[in-house]
Amino acid sequence: MFSSIFYLILALLAISLSPHEGVSNAHPWMAFFISISLYALLIGLIFCQNILFRETLRKNRALILNLVNLELLGFLILYHYLLGGDQIFFSSFQLFPTTLQTFFSVALFFFGLWVFHYTGFKQKRLHLPHENASSYASAQVRFIFPFAIPFLLLTFLTDIFQNSSLFDFNKMQEMSTLSDTLILLGFSLVFMLLLLLFLPPLIQWIWQCQPLEPSPLKERLQAICERAGFKHPKLKTWTVMNQSMTAAIIGVVAPFRYILFTKKLLNSLSPEAVEAILVHEIGHSYRRHLLLYPFILFGFITLAGIFSLIFAQTLENTLNLEILLNPTFDWQLIVPLLFFLCYGAFLMLYFRYVFGFFSRLFERQADLHVYILDVPPEHMIKALDELGVATGHTHDHPSWHHYSIRQRIDFINKTIQSPSVVTQHHQKVKKTLLAYFITLLVGIILFLSPWLPNVFPFSKIQETFSSISNGLNQSWNASLRNDLAQQYQNDYQLTGHSEIIQKTLENTFESFDRGRTVEEINLIASQRLYKAGEVSASATLLIQLWHQISPNHYPELFLEHLTKFTVFILQQPSINPEKIQRLQQEYEKKMAIIKTFKKDI
């Protein structure tokens, strides 16, 4: 269950980080046709896999499902990063191109999963009455679809904001000011809270949840809810998960809060065991776990932001230097793909070791809620044991988000022998959460430090981050800057004092980070070479710069600086006349083109 959700998150991450500019020389429609043709082949491969590996599918369905998820994820990477099949949406649609691109890509992912479950239906060990391949496949897709809703909704809202004339949303996304950063962070928090409040009714509708039918068991469960003071619209059956032995709670406020049981769980476990499971779910609500999870997830955003503050300059400088050293590489493909791999790995580690850590603590805390409602702890032990037996004696199966059934039973037995363990665990959770929220607050301050007032201690934080970032950049990219400076001297035949030219170029390349183009760096290098006394090398690099630029792609401020410096160099009597003549020719040729694009230059 959790692995499918995690693959979906990786797919959404791949879509969100994909380049919005063409990565293929093919026409958008041709790239789209090639992509869809490959997708059709992939669908055929999934169908054939289910036939060839039918025995494996029958014995270990999760293994083949993981393979299919990886194949679909691999296709999305090819589709977005290599083939550029999604560029048709940006070239053919003026309104909401990102929304259309995202919805289509998500649909491809879900359809691939639907085909897997549909064609693998016959290999299932057990079938529910009146269940067919289509209904089963649709139920599996419906289960994970709600986890994509926040992303789809956020993409749609972003498209609306980008088309709004009320404010410059693209500029706000750069977070160049404290107010922009706070607005975006505030919007993210409000968005998450609104989802927590109003998404559960939509989820239970998508999952086709039905009210529990009147029965003695339902009366017993209602009695526990009343005793706990737990308000809810209705106890419901979890239709899309009917093949599983599980229960869940969704929603944080009473009118939109639901406890869900699968029919298989209700039919397989004793009434005492089902009661204990209900107490467990009420425990999650009582301890506010559903409210805490978004803040734990927010820690990932904060850590990613701090990571960017420390390493972004080094990574961007490295990639920009590599672009100059190896221009034949398709860096437009490699750069976003590298960011996806980095953030994907970071996300996996965060979920495994941070989110999983708190999830295990919370699950154990929910198990202990039997003591709050005076339910015999033996009932919880019985529930866990029956669950382990009904799922194939899975008592010792490990899990990154739950303790194993054996560990949970042993812990409850420990609390029976020593009741103080219950209080100790609750205290442990409180102290851990306190430490986490203090760390989160510090992390948020560190993340926002570049935009906070330049006073102590914020000024010290800014200075420290800048020092660390610059130090990493200088040490990590030293060899790249050295190689590139030597390449400049050889390729452009820069004459003069070799050591001075080398050192000047290396120092210039240190500032090759976000927002600077190759042409801007070359202009800075030419200016610095002149100041260093290497006038001839400065003029040579300026000639190359005028020769290489495409005038209609550069802002007026850059062209103004370039023009002024060129006129200044042309007036220097110490430069070789032949070189002056070449510079004059390149300058006049490009200026004639510039004036056709920018009349006021």
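Placement of Cβ uses the backbone N, Cα and C atoms for every residue, glycine included.
Annotation comment: TrEMBL describes 216-387 as domain 'Peptidase M48'.
Taken from TrEMBL, the feature transmembrane segment covers 29-52 (among others).
Note on the transmembrane segment (64-82): residues 3-4, 7, 10-11, 14-15, 18-19, 23-24, 35, 38-39, 42, 45-46, 49-50, 53, 56-57, 105, 108-109, 112-113, 116, 120, 333, 336-337, 340 of its chain, located 6 or more positions outside it, place their CB under 8 angstroms from a CB of the stretch. Among the features that TrEMBL reports, transmembrane segment is placed at 64-82 (among others).
If you look up TrEMBL, you'll see 102-121 (among others) marked as transmembrane segment.
Taken from TrEMBL, the feature transmembrane segment covers 141-161 (among others).
What TrEMBL records for 181-199 (among others) is transmembrane segment.
TrEMBL lists 290-311 (among others) with the feature transmembrane segment.
Counting only same-chain residues 6+ beyond the ends of the transmembrane segment (331-355), those with a CB under 8 A from a CB of the stretch are 6, 9-10, 13-14, 17-19, 21, 23, 77, 81-82, 293, 296-297, 299-300, 303-304, 307, 319, 322-323, 400-401. Annotated transmembrane segment per TrEMBL: 331-355 (among others), in sequence order.
The annotation transmembrane segment is assigned in TrEMBL to 433-452 (among others).
Sequence-remote contacts of a segment are chain residues at least 6 beyond its ends whose Cβ falls under 8 Å from one of its Cβ atoms, and for the transmembrane segment (181-199) they are 146, 149-150, 154, 172-173, 175, 251-253, 256, 290-291, 294, 298, 301, 448, 451.
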